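Below: one structure, written as structure tokens.
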Amino acid sequence: MTETGERLRGLYAVTPDIPTDIEDLRARAEAVLRGGARLLQYRDKSADLPRREQAARALRALCERHGALFIVNDDVALALRVGAHGVHLGQQDMPLAEARAMLGREAIIGITCHERLDLALSAQAAGADYVAFGAVYPSPTKPGAVRAPLPLFTEARETLSIPVCAIGGIEADNAAAVIAAGADMVAVVSGVFARPDPEAEARRLAAMFEV
């Protein structure tokens with residue numbers, strides 16, 4: 001596995017896509033990073049650009065302080081402006097090749113592949129750094145999402161040479177099964193950010209990758 005691939009392992013925290021005070025978001029993100037998140041993805045589809053840039057810069061600084069990777073969801077231009085480590089793209093977002101041309105060879109680009117291994121193989125061939133499958137469990141973030149079964153992660157781990165991320169309804173009480181099935185990362189939204197003690201929940205999740 002490449003050096004980038006070695007860094008793509010562990011708890012991958014994703015900010016909730018709901019209106020949130022930037023200081024509250026920053027405080028919760030810092031707690032999650034203290035708890036051991038290795039990556040932090042900023043996802044906000046509703047705020048205006050100035051607010052998103054302000055939040056992204058604050059989160060980027062936190063990641064720098066804690067030695068974590070900072071990823072921006074969808075918005076390649078914003079990722080460039082704030083110096084993010086990379087972007088996460090959905091199937092309907094900017095084509096991977098175009099994003100790579102804008103961000104450069106060193107940027108991390110992840111691709112959502114839902115429950116389809118064929119999409120993951122195509123993403124790998126196109127130069128993706130990781131792929132994400134989900135929803136693994138019922139998700140409050142995307143209640144209508146197609147489910148990705150646990151055996152998919154085992155098959156993906158045997159087939160792909162890039163890291164595999166699991167997303168969708170994951171929390172500390174159910175993450176062990178998908179990690180055992182082959183996920184290199186677990187992307188968690190409400191399972192950390194919506195908890196009374198985000199740091200403690202992040203610590204529980206991060207510890208699952210240390211055994």
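Every residue gets a Cβ built from N, Cα and C, even glycine.
Per Swiss-Prot, the candidate among THR112, THR159 that belongs to the 4-amino-2-methyl-5-(diphosphooxymethyl)pyrimidine site alongside GLN41, TYR42, ARG43, ASP44, LYS45, ASN73, LYS142 is THR112. Under the three-state DSSP scheme, ARG43 (4-amino-2-methyl-5-(diphosphooxymethyl)pyrimidine binding site) falls in the coil class. The binding-site residues examined here are ARG43, LYS45, LYS142; by Cβ neighbour count within 10 Å, the least packed of them is LYS45. Residue density at ASP93 (Mg(2+) binding site): 17 other Cβ atoms are found within 10 A of its Cβ, drawing on all protein chains shown. Calculated from their C-alpha atoms, the gap between ASP93 (Mg(2+) binding site) and ASN73 (4-amino-2-methyl-5-(diphosphooxymethyl)pyrimidine binding site) amounts to 10 Å.
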